[in-house]
């Protein structure tokens, strides 16, 4: 008997949709409400996932079965909404940026602590499997030595939605939007040391809006490491999100989209890497999933339980065996083997 | 109320363990039996996943709740075990190679058809998310034009287990082991056309065993396309598994381990790709999962339902906000900002 | 006092132009004649390089100072032209394919030997610096172990000139054009072992012409190694020319255009590689040239001897010093340094 | 009749050797003197290149045929030596860093201007052919739009020679050594705009010496672009030297060692690129040279003039023709062709 968790999503835009999709794939989750000031937007999302729709957070919070609220609204509204959710004793996930000032962040944290609810902030990339693997490697101090540099570059061609370019609704520009991830990734990769000093420069290139579309932030960490966050909304050619962690004996890089891999080097040896584990290497992550075992076995279970057709059938197996048989015959006889002959 | 599927895994070795791990992660699956001739091996695996152990398939098949059997034994034993499972009216997944002769493959397919059970064969890579994405792109004939070439290279440093190198137990060498995947991937990428002719050469390099450790297979497909399968157990430096599909207007490549990405090119335009979708591109796959949303939201649900600690807490959010605030101040004032000062 | 070599180029097309450009950059070479049946074509090239033009080879050969002839005409004409040049006692470089039959190749070789002249064939890629480096690494048998596989893929979007697609003028299609390079590179990378057997399949995709635009050739070498030549005129997205050499202990790959690098791996150690020289590595080639020293020092010599302006001047050095001074000041003071202030 | 340029190299260490090797390959250069305080070091180099040796610059400058002096000594000595050479009316190339202060740089520039001699500074990478190509692409403003970001990362495992780590002899650490190149490359890639402000942080990790081994410099250019220079002597795994130039419509990256290529992207079209020239592309550089034509034709000229053996002979051509003939026969007959049979 699985306990089910009643959920409300506030904000029916793109990110609200992502959370609705992810959460409803978990059999423990019961998505009950979509809250959006624009009833049409809310209805669209609610309909897709079989939830109810409302234009007021109050109505969703009045539902006792709602124990968890996802806040996916424009940044400037995060603080009051999250405060209301916490005050109502509900657990909350607030999309990044959690809030726009340190004061508000501390207040929310204290309020959540006092009410005994979970306050989570959306910084999805520190959960990304590839970066989790890079983080694991970066923590191998025998392989990396003294880690002195960390760098995150996050560059896109800019947001699709207008409110991102307005200080009033978004709080800031590329630094608030992408810089959140860059700062969090840098700090996490180093093991969350304290931050000693920050230097930054920003620039607004676009005529639209009133916020910066690019920025560079240098972070001096208490352990002496230097962090670089390089974010841009003015980079064409597809999203770039790369992480570099450099130590005196080794380094780790991970490229989320363009190169799509993890590379690492060590003068010594990585503990948690298969083959090779010395010199330069390209370690895998989520091996079982990336190899297709999860998808394959799920198809079989679906076929058995629900009678769903599989994408690969016994006829396919016959074709492969037949080809391999012919290949062995060809290799043995030194000639081409015609099939069906 | 979810229907649960009783499962037995035959063969407690490496691949039996992979299937046990994957299947038990599915809440619909009830792993009931591990079958292994070596009771110690079977017990180890059964204990890890809370299943019962037996040394005879008969005992597992006597359990009426077992509706699905995974066969993960050495290749030469696949045929009799699968035949017995099917005869007992159970659904079956047989690790690759399904069997060692076309005759046996056809017999099993016919038997499964007659008994109305699912006969699945383990060819995990045709379910691998990256290759599924490549397959989707390769099927975009507006983008690729006439597809005339497909190539799969699968190279490893050889199997860890001795039985792979014996013809008696494995049926063949690298061609049977890796060639299965290569042939299946080639055929699938082209849309499963008929095969007209096969030419191959093989070679045994290793002094151990009596099977080839490398082979090249040329496949002429009925649509005129040429397939190349290049497999080796004698390639150091980590596993290589790459797929190339080339058409007159575009191409798709996918590298599972070393480069870890998908690349594609088109003279026209890909239908199902975000940005950019013309010229050379590096399309993503499983975007929501790779971005960490699935892992993030699961952590939150776990935290709410089970009180598990999250890896990223409100303190982390405070640190990020504080850093961004300092960055904006630094950019505005043109000077370094010392923290906590 | 440098001896100068009188040269005639036969064929004023693209490749004739390449040789004219390369040869005239050598101060020892005196390009005297361009020979082309089409006087306008010949005149264009001759004018660019200060040579005389003629429509008959006889006229060029009548010039006693001509000691070396480059043949850059359509393939089917190579044999008679080269035979005439050799008969006239001149050294000759014939663009690839040298000739179209083994018989003709042997006749030319014998004739050149008898006359004591150099007979060179155009297979430029076996001189390409990147491949020369890969060849050097591939020859390091301590690093590679037993080399068992070599593969060359050479794929383009097809020739620009019509005569390439006609059997009468070109002799063959992609196999003759690109396959020449592929076969030569495979054989050279292995150290030129004898060839035991050849298997090939070809296909004509294009409606234009009467030759194959793609082919795959398997070569079984006398030392047991398997070679794969994969050539295509039907591959969009830019030229691909890659070489792979795989041994039991290590491997070398080189990508001439798309990835543009050399990669190598060894379980042991490469003798002629700097840092790192174990595991995976990316060795450099033509280090001094690629680093710019050759171009830099030539600019200085030109500036001194001929008064030519350099691209980088003392003002540039002042700007760099000024910036580094400011950087040190900024690092010391922990603040931004405004310039010219 | 070619005019020859008498040259003296001051400093017989590694860089003195590089310049000697490069300069003596130019037939216009006559290397007359190697000057080194350590007579043994000077003699070694002088002997290799057939020059005379002296321990005093005066002696070399007393030779009237010396018109050009290369200064390749430790950084702190550059200024007095260069000043003496210029005062003697000789042209000079000073290895980077030209000098250690803006004042000295201006004095040398003024002195050289007054005496009418060439003052060149060693910043070899702005002459590197790959970066010259990247620079050409970066200047294509139709392809790149407004260029707003430039970044150079130059990371090594540190200098081999002790004097680099001493402030007294080297003037500074990684910033002086590698930062010179990084600053010069950034500025050049943007078209040499003025620099408005500089922010930097540095760190000394190594216990050896008294200089920083790593630094990050942010440069704000007068045109609004932001430059990032990221240099390190504490990065294992082989040298990294990469350049990125990002504009609103396109971008260019060039990796000198690890990836060894140029990549570029444009929303529009690059003017000086072959195929493809839209979207993502990997443009070539020094095409004729990298393809081997220069090396091939030089081998032929050497063979004709000096009788030197070529690496590829008519026997090689016979082998290739024979293989292609067999391939055509195999493709036609659909069977393997045994050679010499």
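Cβ coordinates are placed from backbone N, Cα and C, and glycine is handled just like the others.
Sequence annotations record features per position, and here TrEMBL assigns domain 'Gfo/Idh/MocA-like oxidoreductase N-terminal' to B:6-120. Residues or ranges marked as NAD(+) binding site in TrEMBL: B:14, B:15, B:36, B:95, B:96, B:124, B:161, B:163, B:293. According to TrEMBL, the domain 'GFO/IDH/MocA-like oxidoreductase' annotation covers B:140-251.
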Let me check the 10 A CB neighbour count of residue B:14 (NAD(+) binding site). How many other CB atoms are there?
11
Residue B:161 (NAD(+) binding site), Cβ-centred 10 Å count of other Cβ atoms over all protein chains shown, is 12
Maximum Cα-Cα separation in Å among residues B:14, B:15, B:36, B:95, B:96, B:124, B:161, B:163, B:293, which the record lists as binding NAD(+):
42
Suppose we draw a 10 Å sphere around the Cβ of residue B:96 (NAD(+) binding site). How many other Cβ atoms does it contain, all chains included?
23
Reduce the DSSP letter at residue B:293 (NAD(+) binding site) to three states and note it down.
helix
On the 0 to 100 pLDDT scale, where does the domain 'Gfo/Idh/MocA-like oxidoreductase N-terminal' (B:6-120) sit on average?
97
What count of other C-beta atoms do you get within 10 angstroms of the C-beta of residue B:36 (NAD(+) binding site), across all chains shown?
23
Of B:14, B:36, B:161, B:293, chain A-adjacent binding-site residues (C-beta under 8 angstroms)
B:293
Sort residue B:14 (NAD(+) binding site) into helix, strand or coil using the DSSP assignment.
helix
Counting each residue once, how many in the domain 'Gfo/Idh/MocA-like oxidoreductase N-terminal' (B:6-120) are helix, strand and coil under DSSP?
54 helix, 27 strand, 34 coil
Hey, what's the Cβ neighbour count for residue B:293 (NAD(+) binding site) at 10 Å?
22
